[in-house]
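Residues annotated as active site, electrophile in TrEMBL: H98. The active site, proton acceptor annotation in TrEMBL covers E170. Annotated substrate binding site per TrEMBL: N10, W11, K12, G176, S215, G236, G237, in sequence order.
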Amino acid sequence: MYRRPLVMGNWKLNGSQQMVTKLITELRTTLSGIQNCSVAIAPPMVYLAQARDQLVGGSGNISLAAQNVDVNLKGAFTGEIAVSMLKEIGVEYVIIGHSERRTYHHENDEVIAEKFAVLKSVGLIPVLCIGESQAENEAGQTETVCKRQLDTVLETLGVKAFENAVIAYEPVWAIGTGQSATPQQAQKTHKFIRDYIAQQDAQVAEKIIIQYGGSVNANNSAELFKQPDIDGALVGGASLEADKFIDIVKAAENAQQYQ
Ligand code: PGA
């Protein structure tokens, strides 16, 4: 089954207007010929409009992603951003359920499922992050945790909600630590995730993009992209430097299984 991989840069709380201009200019110049891989960047919210202005009219192969969204559609919710606003500004993908939001902003599976639902309601693509902590990994609970994090969406919205959605498997112990999961470790969990969705709908499972995230870099990406159930990457630290991010995109572009 052919799945077009997605390499997405999650800039987190980093950047400035100057950095956005420089990074996007470099990415656009170098990535204009990319064919086998979708590319997206998720700058901080305040730079989305600037990024959009730089991306439109270009080669058209870098999409815009947001790092968060509110569950409420409008009203008295100080500091929040609604799905309609993201859509209006040209965002395609929205990252939800990232472990940093689960940890620092106490987002639980129920809130994340609500975010998934509001995104789907306006045609934005959720990038649902799931993954176990170090302690859960050591206790052999990787699959139990991933299953639980998927279940809330599956139970409230049904498996069809995963049509045109993305899952990012990001083991928490691998995020920002320089210690990526091995390709074999990641593949095992990706296969578990795909098989689990296949129990409910084989077609949805075959098509869904499952990215790997957690210390992906230019050196380990090619091996990760050889795994049959890894469909690209969600990249944090290495997406802040054009050269590093470009190397990861090129590894996806050249990966045998994505041809
Ligand atoms: P990292 O972050 O690549 O810096 O480990 C990945 C992520 O949190 O999405």
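Quick reminder: no glycine exception, Cβ is built from N, Cα and C everywhere.
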Recorded positions listed as K12, H98, least Cβ neighbours within 10 Å: K12
Rounded distance in angstrom between the Cα atoms of K12 (substrate binding site) and E170 (active site, proton acceptor): 15
Cβ contacts of G236 (substrate binding site) (under 8 Å, same chain, 6 or more positions away): N10, K12, I175, G176, G213
In sequence order, those binding-site residues of N10, K12, S215 whose CB lies under 6 Å from ligand 1: N10, S215
When distances run from the Cα of the residue listed as 'active site, electrophile' to each of the recorded positions W11, E170, S215, the nearest one: E170
Rounded to the nearest Å - Cα separation of S215 (substrate binding site) and E170 (active site, proton acceptor): 9
Sparsest-packed among the binding-site residues, when each Cβ's other Cβ atoms within 10 Å are tallied, from G176, G237: G176
E170 (active site, proton acceptor) and G237 (substrate binding site), distance between Cα atoms, whole Å: 14
Inter-residue Cα distance where the pair is W11 (substrate binding site) and the residue listed as 'active site, proton acceptor', in Å: 15
Count of other CB atoms lying within 10 Å of the CB belonging to N10 (substrate binding site): 26
Structural state of the residue listed as 'active site, proton acceptor', classified by DSSP into three states: coil
